[in-house]
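Student: As annotated by TrEMBL, transmembrane segment applies to 37-59, 71-90, 155-178, 190-214, 220-242. Residues or ranges marked as domain 'Palmitoyltransferase DHHC' by TrEMBL: 124-248.
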Amino acid sequence: MCRGSAVLKGQLLRSLTSADMFTRMLKLRLLNAVAPAYFFMATAVTFILHFCFFIPTIFPNKDTSLRGSATLHTVVFLFLMFNALGNYIMTIKYPAESANETVVPVCSAHCSDKVDAHYLLNGRHFCKLCKKVILKRDHHCFFTGNCIGNKNMRYFIMFCIYTSCTCLYSLVLGVAFLTVEYSISFENPLTFLTLLPLSTGYFFTGTISGLQLFLVLMLYVWLGIGLVCAGFCCQQVLLVAWGQTWCQMQRGQLVDNRSPWRTNLKDVFGTRWILGLILPVQTAETCSEDTDAHKQD
């Protein structure tokens with residue numbers, strides 16, 4: 001009787017675990033589809049606000065003395081946006097998957113309990129979302145819809161840098177727009193902190209329009225995305241310099257990397273790293289998968 005009860009409890013526990021895993025995987029797959037849509041929507045909104053509201057209002061066409069400044073700001077914004085989108089596309093175009101493995105190997109004894117990936121051997125992971133074997137997997141990026149690893153780490157870092165710069169630049173122009181259009185003074189630091197709650201209250205009382213409230217919301221969106229991308233970029237650069245990945249830190253098994261930080265950065269950014277700072281082009285030499293796996297171990 002006790003044995004039958006124990007078997008029943010074990011089956012119930014396994015079914016609950018399977019249901020929980022299915023629910024978590026469903027949430028991750030939903031996030032994997034929603035995040036890129038959110039990125040493209042935020043990019044389109046930022047583009048429209050710049051050229052339909054910010055530039056025409058801050059630098060009116062009637063004032064000929066401001067045409068040079070308008071052109072300069074337009075060029076800077078297009079440069080930042082071009083690099084952000086270009087590196088985003090390159091991150092997707094050059095996935096970190098292993099081209100030599102068509103059959104997924106059996107998981108090792110050190111297989112992680114994480115729901116999104118299994119640790120295999122030789123620095124390889126099987127991503128359950130991508131359904132591919134990933135070389136030197138760092139993490140799964142939901143905004144790009146694929147894993148970040150040895151082949152697309154540089155593009156991902158540059159994507160974070162330029163996305164952060166674009167958001168913070170948009171924040172500055174947005175503050176300038178509110179100052180010129182609605183005579184809002186930001187000399188007091190508390191103005192920005194109280195702007196959102198006050199604008200929300202004014203909107204429900206009918207004092208300001210929905211467009212004004214939307215502009216205020218976008219200021220906070222740009223600030224949040226800009227700071228998150230900047231912090232994430234700093235973290236990734238440090239990991240690359242140390243020769244580590246985020247997956248290794250999660251497992252608590254950091255490798256003893258004897259390569260100097262200059263060599264580690266060169267492996268990711270390549271010898272033409274200066275060109276990669278201004279253009280979304282391939283700058284790192286393609287290494288063999290065996291070499292990457294050997295470095296990882």
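Cβ coordinates come from backbone N, Cα and C, glycine included.
Any TrEMBL annotation is an automated prediction that lacks curation.
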Student: Looking only at the domain 'Palmitoyltransferase DHHC' (124-248), how are its residues distributed among DSSP helix, strand and coil?
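Tutor: Taking the domain 'Palmitoyltransferase DHHC' (124-248) as a whole: 81 helix, 14 strand, 30 coil.
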Student: Quick test of the contact rule: Cβ under 8 Å, at least six residues beyond the ends. What residues does that give for the transmembrane segment (37-59)?
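Tutor: For the transmembrane segment (37-59), the sequence-distant neighbours (Cβ-Cβ under 8 Å, at least 6 residues beyond its ends) are 66-67, 69-70, 73-74, 77, 81, 84-85, 88, 143, 166-167, 170, 173-174, 176-177, 180-181, 215, 218, 221-222, 225.
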